[in-house]
Every structure is written in C-alpha cells, then in structure tokens.
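Asks: What follows is a single structure, and I will ask about it in a moment.
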There are 2 protein chains.
Amino acid sequence: MANVAFIGLGVMGYPMAGHLKTKGGHDVTVYNRTAAKAEKWAEEFGGKHAATPAEAARDQDFVFCCVGNDDDLRSVTTGSDGAFATMKKDAIFIDNTTASAEVARELDAAAKEAGFHFLDAPVSGGQAGAENGQLTVMVGGDEAAFERAKPVIDAYAKMVGLMGPAGSGQLTKMINQICIAGVVQGLAEGIHFGKKAGLDIHKVVEVISKGAAGSWQMENRHKTMNDGKYDFGFAVDWMRKDLGIVLEESDRNGAKLPLTALVDQFYKDVQALGGQRWDTSSLLARLEK
Amino acid sequence: MANVAFIGLGVMGYPMAGHLKTKGGHDVTVYNRTAAKAEKWAEEFGGKHAATPAEAARDQDFVFCCVGNDDDLRSVTTGSDGAFATMKKDAIFIDNTTASAEVARELDAAAKEAGFHFLDAPVSGGQAGAENGQLTVMVGGDEAAFERAKPVIDAYAKMVGLMGPAGSGQLTKMINQICIAGVVQGLAEGIHFGKKAGLDIHKVVEVISKGAAGSWQMENRHKTMNDGKYDFGFAVDWMRKDLGIVLEESDRNGAKLPLTALVDQFYKDVQALGGQRWDTSSLLARLEK
C-alpha cells in the first residue's frame, strides 16, 4: 500500500483513480480542475481531495496524472501550484495523458533535475478499458522507476510495457493511433462497398475476419458501423488531437504518413457533419454522406 | 468420390487440384495452358491431363478453375475449346479465379441457359493456404449447387461461405482486399514511424497488438516488414489486378473508396521500385525510399 495522488478525473482518470483505491488498496488523494468532481470521487471511493496539484502531490510516493493535452499537462506539473513543486525526493510521477514525446522529455528532465522520476505512460483501451481496469499502458522512462511503478499501475491495466527512454510511451501510443487510422478507414470503405453491393455485412465478416483482412476493429466495430451507431468509445475530437501530435512528431523525425494525414482530414469532415463526439468508426458516416 | 476437372495449375491451382485428389479422393483430370505443367501434375498426383478445357470438362460432376483474370476465364469457359461446351447437365462449374462480379454473373447466366451450374468462388489465404489446403472460399450462386459443391471444395478449404447470388463471392473478395489495403498501409506507416523514432518494433507490437490497433497483418507481417523481407505471399502485381477490379466495381455501385484508390497508386510506386513480385507488405519499402 502506497500514498498515491491522481490529477485529472475525466472519463479515463475517474475510474483509473478508483481502481488505485479499490483494486490497488492505496491511499489516494485526487485533484480535479472542477472541484465538484473531486469531491464526488472522494465521497464515492472514500479517498481525499486536494485544492491544487501541488497540495495533492505533497508527500506522495506516486503521483498519477491524466489530463487533456500538453498545455494542461504543463499547467498541472510545472505551472503555478503545479505538482512538481511538492514532489518528494525519489517519488515517481506517472503521466497517463496522451501528449507529445517532446513534453515527456521536457518533464523527465525537470523531474531528474529536482530529484524525482517521471514516466510517460499513455494508455489505450478507451473508456471501457478504464472502467474495467483493463488498459494497455505504454511506458517511457528509466527501468528502475518503471519496476517500482509497475505493480501500482497494474491496478488499472491488463498490459504494461516499458518501451524505452522518456517519450517512448508517447511514441508507441502514436504508432497505435497510426495503425488504427488505416484499419478503420479500410474497414469503413469495405463496409460501405459491401452495403452498396447489397451484401450481408455480418456474413462477410464471419467469412473474412480470421484471415489477412482481419482486425480488432473488424471484430468489434462492424456491427455498430453497419447499424450507423457511433456512440461507442473514443471520440473523433480526441482522435484528431492524437493525430495532430502524430503529424507534428513526424515532421520532427521525418516519417512519411500520407494515409494518416488523409484520415485526419477525413475526421475533419466528420466533425463538420456534427460528429465531434462520435467514435472513430464514424469514418463510415462520411462515406455515406 | 466424384469425377472432377481442374483448369489452371498456377501457384494456387496446382496444390488445390492436388488436395482434390489426395484429401478429397476424387478422380481428377487437369488442364493447363502450358501442357508440361499438367503432365507434371498428373505424374505427381496420379491423375489425368487433358489437351483442352473442353476435353477436361467432359462428363465431370465438378469442374474447378483458377486462372489469371476475366479474359483468361472467358477463354477457358466460353472460348473455343472452352469447358462450357462439354459440361454435363446439372454439373457444377466452380471458379476460384479472382475476377469481376460482372463476368461471374455473365457465366452464371450462360451456365443456367445450358442446364448446368456456376459458382464464383474466389479464395483468400495465399500460396501457403493453397499448399496447406486451408483457404477461405467466398462463394456466390444458388444454394442447392453450393450445398452439393461444398463437401468437394472442403478438400482445400478451412472456411467456405455462401455469400449470396452469382457475383457475391467476387464482391466479398473485393471487401477483403479493400480492408487489407487500409490495414497494410496503416501498419507500414506505423512501422516506418516507429523505426524513425528509434523504437523496438517487436516490443511495440507485443504491447499494442491485442488492442484496437491489432490486425492479422500486424501479427503475421511486422517481423518480415521490419526486416525489409517482402518475399512472403501475395504479390504486388496481383494486388493491383484485384484493386483494379475493386475500383471498376465501385464505379458501377457508387461506393467511394479514397484510401483504396490511393493505396493502389502506392502499389504502382512499389512496382516502379522493382517490387512487382514483392508481397503486399512492401508498402513499407515505398515509405523508406
């Protein structure tokens, strides 16, 4: 049992902090920008809540964080009343935000300078994975800090991997999103074509899903896509944020991502259709307009 | 045990005809444009070989066919010395060629007119699937003919599905190729990005392959792609043939396939790199040039 803080109680952070308390058995203090949600969490799970990130982080062994983007992350760490000001020596800051590799390296350097540890640890598995404590966690940072943090992270994860030095967790998450972009657009075109051709999509998937065309997305999303249901998981606005990070990073490392850039533009069309909160499989809706 | 003919002994047809003889226990007569290959097959498997498709098809219960394209298919069926001239009443012609839905409907109508049956039955699973008798077979045609043919087809298949009326097998194969185009390009961009970012691709796949980014291609091709080995299965020239069929059909049925059309153009780049016989995962080689 450790002393733990969790900063950022969004759709992901709220249940993740809950698992640290209930499954992990840790003493958890939460912070959220909108204080009412932190109070609600503390009441529901029997933990504490703090008024600032700095107050939440004080004297903790592990400080978790899951916020919106690079700016939010800088604000709750190195901003005024940020958590980095009060981190205990040798404590570990674990950032579950999907952010740039750049900010991860920057915060890793700041943490080292101040005598504590930073791990970038973005997750995949969506809201359902957060609620079930079955997330995949892609970690960048030092091995010793990773080994100490892993048993704590396990409370909300089914898979936790150390991918390399600071930033490597974020880079791995980027690969995840690149692959999803290709799979989902291909699947959307396949289903769109199949409907135009008058085929039974369920029968098609039954026959082809175990072979070279098969994917998690095909298995798990073809039904809802065929029914035009897009209220199922990770939202288009968030995917565009992630693809923006990917495309910026590719400008730095020189990777050519023509399909990823194109699919990002397609998601812009989905936003224009009013689909900001539809899930990523709504690329099909765009083809059908 | 039935009397069976097989027309077209390419990398797919040769072992498929072999399974009909050895696993199915049927009496098999083969025809191939280059006669030497038919003689070799007959010697290897202890079957018969014929000088023309018409001669091969005479008095058979089932006539299989696996040739290159629509023109080849018309030539061996309704061309001079074609199989359709000698098909027995109520016999079944099973076409394993990947061809257009149009030619399937045309040959189905011709078969009905002449008093026998036609099934379009393209396969997926590649050369390895053909050699192991583990192909997926997507069938279009009448249910009664399908039910009679299925136990015979089983000799070279792990999965045989009736998808709908004539042409539906071809249309299903098209969906298969559309989905593959998206998956492989996404995966190629993911691996390309990962290499530029200095990540260990095997470790990345280990962590992300069970989640929303996962696919058959990721599981089965990431190693060879990472090693730049593209001598593994279905060739770029063949994929371009298939995508050409897909894009033509989409002009008829009105489906919008922006990614499929783009990936087809990318494969043209791979051909220009000398990759006509590289496998479909060589989209990565194009990104790396």
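Placed from the backbone N, Cα and C atoms, the Cβ positions cover glycine too.
From TrEMBL, for reference:
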| type | residues | note |
| --- | --- | --- |
| ACT_SITE | B:K173 | active site |
| DOMAIN | B:3-163 | domain '6-phosphogluconate dehydrogenase NADP-binding' |
| DOMAIN | B:167-285 | domain '3-hydroxyisobutyrate dehydrogenase-like NAD-binding' |
Asks: For the residue listed as 'active site', what residues in its own chain, 6 or more apart in sequence, show a Cβ-Cβ distance under 8 Å?
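Replies: When sequence neighbours closer than 6 are ignored, the residue listed as 'active site' has B:T98, B:P122, B:V123, B:S124, B:M138, B:D242 within Cβ distance under 8 Å.
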Asks: Using DSSP, tally how many residues of the domain '3-hydroxyisobutyrate dehydrogenase-like NAD-binding' (B:167-285) sit in helix, strand and coil.
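Replies: Final tally across the stretch: 87 helix, 3 strand, 29 coil.
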Asks: Any idea what the model's mean pLDDT is for the domain '6-phosphogluconate dehydrogenase NADP-binding' (B:3-163)?
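Replies: The predicted confidence over the domain '6-phosphogluconate dehydrogenase NADP-binding' (B:3-163), as a mean pLDDT, is 98.
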